[in-house]
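I have placed the structure first, in the form of structure tokens, so that the comments after it can refer back to it.
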Amino acid sequence: MSQQSRLANTFATARAEHRAALIGYLPAGYPDLAGSIATCRAMVESGCDIVEVGVAYSDPVMDGPTIQAAAEQALRGGVRVRDVFSVVEAITAAGGQAVVMSYWNPVLRYGVERFARDLAAAGGAGIITPNLIPEEADDWFIASATHNLDRIFLVAPSSTEERLVKTLEASRGFIYAASTMGVTGARDAVSSAAPALCARIRAHSDIPIGVGLGVRNGAQAAEIASYADGVIVGSALVSAAGEGLDAVRALTSELAEGVRSATVAS
């Protein structure tokens, strides 16, 4: 009855290699559209298993200053919602898996069914929806089922047990575990709340867990890879993208080494 997650093979491969999956992030259109395509390609070639392609949005309430500034630059450069599909196509062509990360408002404006259709046509695996809760996602449930797309919702240390269970039941592909409360951004120390949140998730579900918010180097990636199925890196890669492709390749390679060096929980 239920369709196979597009990302299931990616996580299964990583597990078979005794490592976590490396999940990168970049807004489409940063530093410009061609630059974002080249950057995402470099991420895949340097060890990213999955790339989250961000849809730049004018009111990014959950994003820290690095990602906000990148989104503003992309919007000033004239990026459109549909440009995200060009980036997704490039990631898929490079051999990576692409998911879109978007506030729900741009998807609603584009049209939920139309967005799902165009994302699937571009080879995308699903959507991460940071400000959408399952109770308000009826249109997305229908469209994601029609086009076999993964639904990746967020949970946080503050999520109640009831909220956690509801969100896990609604999710497919992986669950996005925000390891700290508050906005995104690279940090010196990774939150101690993340392992406890992962343990709570595993008490209810065997869905792969991606942990994000704060990773900026290989050592932190290794730390998270010891208890999570996926290590999500956003702000640090966006900062590297501002420096150029060599910086992106170097950081991605370091992170890819990190997720491989950890003693991974089986």
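One-based numbering along the chain as shown.
Each residue, glycine too, has its Cβ placed from N, Cα and C.
Following the DSSP three-state reduction, the secondary structure of E52 (active site, proton acceptor) is strand. Positions annotated as active site, proton acceptor by Swiss-Prot: E52 (among others).
The active site, proton acceptor annotation in Swiss-Prot covers D63 (among others), and the record cites sequence analysis as its basis.
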So if I draw a 10 Å sphere around the Cβ of E52 (active site, proton acceptor), how many other Cβ atoms end up inside it? 28
